[in-house]
Amino acid sequence: MADLEAVLADVSYLMAMEKSKCTPAARASKKLNLPDPSVRSVMYKYLEKEGELNFHKIFNEVLGYLLFKDFCENDSEEPIQQLKFFEQIKLFEKTECYDERKKMARDIYDNFIMEEMLSHTYEYSKHAVASVQKYLLKNEVPVDLFEPYLEEIFTQLKGKPFKKFLESDKFTRFCQWKNLELNIQLTMNDFSVHRIIGRGGFGEVYGCRKADTGKMYAMKCLDKKRIKMKQGEMLALNERNMLQAVSTGIDCPFIVCMTYAFHTPDKLCFILDLMNGGDLHYHLSQHGIFSEDEMKFYAAEVILGLEHMHKRCIVYRDLKPANILLDENGHIRISDLGLACDFSKKKPHASVGTHGYMAPEVLSKGTSYDSCADWFSFGCMLYKLLKGHSPFRQHKTKDKLEIDKMTLTMNVELPESFSLELKNLLEMLLQRDVSKRLGCMGNGADEVKMHNFFCGIDWHQVYIQKYTPPLVPPRGEVNAADAFDIGSFDEEDTKGIKLNDADQDLYKMFSLTISERWQQEVSETVFDTVNTETDKLEQKRKLKQKQHFDADEKESDCILHGYIKKLGGSFASLWQTKYAKLYPNRLELHSESGNNKPELIFMDQVEDISSDFILHKNENCIQIRINDGTRDGRIILTNSDEIGLKEWSSSLRSAHKISQDLLGSMAKKAGKIYGSERDVNKSMYIFGGNCSTKTSNGSN
């Protein structure tokens, strides 16, 4: 029965993998809904405040670029050739074949540069033209041939085209997607979890599928009780921070990166790149030892993975074949950053890692070290791929003390079968003296890449994964140990462990979404489908809606507008959806239908607006205290959109302060004009920009 369950788990997992490769969007079991277009008002203020409402920020975001491109191609009143020019340059730069690049260079020159010169529009500088012509006349087409044009293209795009984009529906759609991204709060319900594929000290790794996009990931779940039992809280939080550091910015194809982190009451969850090809330790046992050329392929890709970490001042500290995972095509990624450490501010000195791979300085108590330790481990790993064991684990000994002693004292004897270049590489990597070790003499990974063993390697070709892997994992197999062989934790171990509020507080900042990776996921799966469906829904809504709430946004002094929830209804216990409009002197709360007159709250009636959110019905809320003689003195507002709620709170308090300052200023002026004696029952009243007075009973 257990065997049958294992087979069924494997079949289910493999079927999910195959379907996600073809049409991941079709595998989405949960619909992704964009917020109402009115969120534009809130997001405009948010992006402006965060310094993200500029051309380069939006243009360099995956979804921002796609929507700006859509605007240029389909919505702009005038043709925008600069974007097509830009895309052709980028395509040219990615073209590997020199002959193809020559043809593309000529086409780009004829269609964009020559055409612009003949039209006498003078959009580009003479310097840019001369630079390109100089190379073309010599029949040369370097990759950066058109680079002088890029900055000039950006200068033109960020002018009128970008300003028009900010006024368009495509920018509204960008605001909707950005708002959705910023409000991501993941739970286990957002994933379909498949079979277990690995286990570590604190938890397990499963294959999983993201419900709203259909994309397959690996889910690493750490048990909070087991972490507490082993006092591993800082290790778990450190792993999250290291994954964030290597996963943000320029993507590295040779590290298992993270897209999301979230937690439940019991688990810490990392959503990571899924690698289906097994690890090098597994393949070493199946395939046998590797040849020098085969090892060279893996070494080159690992070097680029380490280089990515080291540039971010991260020392990996656990390099070994078991942590090198293969994808379905045979390319590698370095996995498991549980022991990785940031050395930018303080160098570590803890003896952590795997015996037989740890550098001498890591084993020496109290000795600080940095990324140099990884190059020693790298040498140990290469030796194992070639010989089947660590250079310091002779005769299959498992005695950790003996292995450590040999690491600190033994000179490794390299087999005669090794080439001279390989011998020299390993001798330099396995130097106990850090100052003489390859990779540690001032130039880091470049020193290793320039070694004679790697002579002839085109490192750009390595980066774009153009070299053929020596081993392609079998398709239609899980390439991992059987689910029952992997086993499970003994629940009795943590039976007496209780998690309290202080334990949970440690993880309150744990949840995270890596923006560029989420946007890439969306663009590859459901972006077009969701946009099409949302366009249809919004068109229907516009036809039904009697009042267009945002119609007066440009023409009036409206500060902020959008949907918000107000506590009211029967017994003042229900949330009512309102369309709110904030003006300098008042807040208008319109019913959803727009049929009735809005509820008006004037700023001179407001006594106080809470500076912090109050908790009401388990919701973060804005509390407005008013004094008009007819209310209970409180108005409670909330919004499921965290970004929106913060902007409403900030804008309301700002409008109230300005109103109070204006009232105070006008009262002083009135005192100077009419004298200090006045009717204390009268107060200044601002309405629609006009000033009058009203008595305490409301009469004028």
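The backbone N, Cα and C atoms fix where each Cβ goes, and this holds for glycine too.
Features reported for this protein in Swiss-Prot:
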type: REGION; residues: 1-190; note: region 'N-terminal'
type: DOMAIN; residues: 54-175; note: domain 'RGS'
type: DOMAIN; residues: 191-454; note: domain 'Protein kinase'
type: BINDING; residues: Ile197, Gly198, Arg199, Gly200, Gly201, Phe202, Gly203, Glu204, Val205, Lys220; note: ATP binding site
type: ACT_SITE; residues: Asp318; note: active site, proton acceptor
type: DOMAIN; residues: 455-522; note: domain 'AGC-kinase C-terminal'
type: DOMAIN; residues: 557-657; note: domain 'PH'
Please report the distance from the Cα of Val205 (ATP binding site) to the Cα of Asp318 (active site, proton acceptor), rounded to the nearest angstrom.
18
In angstrom units, rounded to an integer, how far apart are the Cα atoms of the residue listed as 'active site, proton acceptor' and Gly201 (ATP binding site)?
14
Quick one: mean pLDDT on the region 'N-terminal' (1-190)?
89
Test of understanding: give the count of other CB atoms lying within 10 angstroms of the CB of Gly203 (ATP binding site).
22
Cβ neighbour count (within 10 Å, all chains shown) around Arg199 (ATP binding site):
14
Considering all pairs of residues in Ile197, Gly198, Arg199, Gly200, Gly201, Phe202, Gly203, Glu204, Val205, Lys220, annotated in the record as contacting ATP, what is the maximal C-alpha distance expressed in whole angstrom?
15
Three-state secondary structure, the residue listed as 'active site, proton acceptor' (per DSSP):
coil
Report the member of Ile197, Val205 (the binding-site residues) whose C-beta atom has the most other C-beta atoms within 10 angstroms.
Ile197
Quick check on the domain 'RGS' (54-175): DSSP residue counts for helix, strand, coil, in that order please.
92 helix, 0 strand, 30 coil
Helix, strand and coil counts within the domain 'PH' (557-657) (DSSP):
22 helix, 48 strand, 31 coil
Can you tell me the three-state DSSP label for Gly201 (ATP binding site)?
coil
Among all protein chains shown, how many Cβ atoms are found within 10 Å of the Cβ of the residue listed as 'active site, proton acceptor', not counting that one?
21
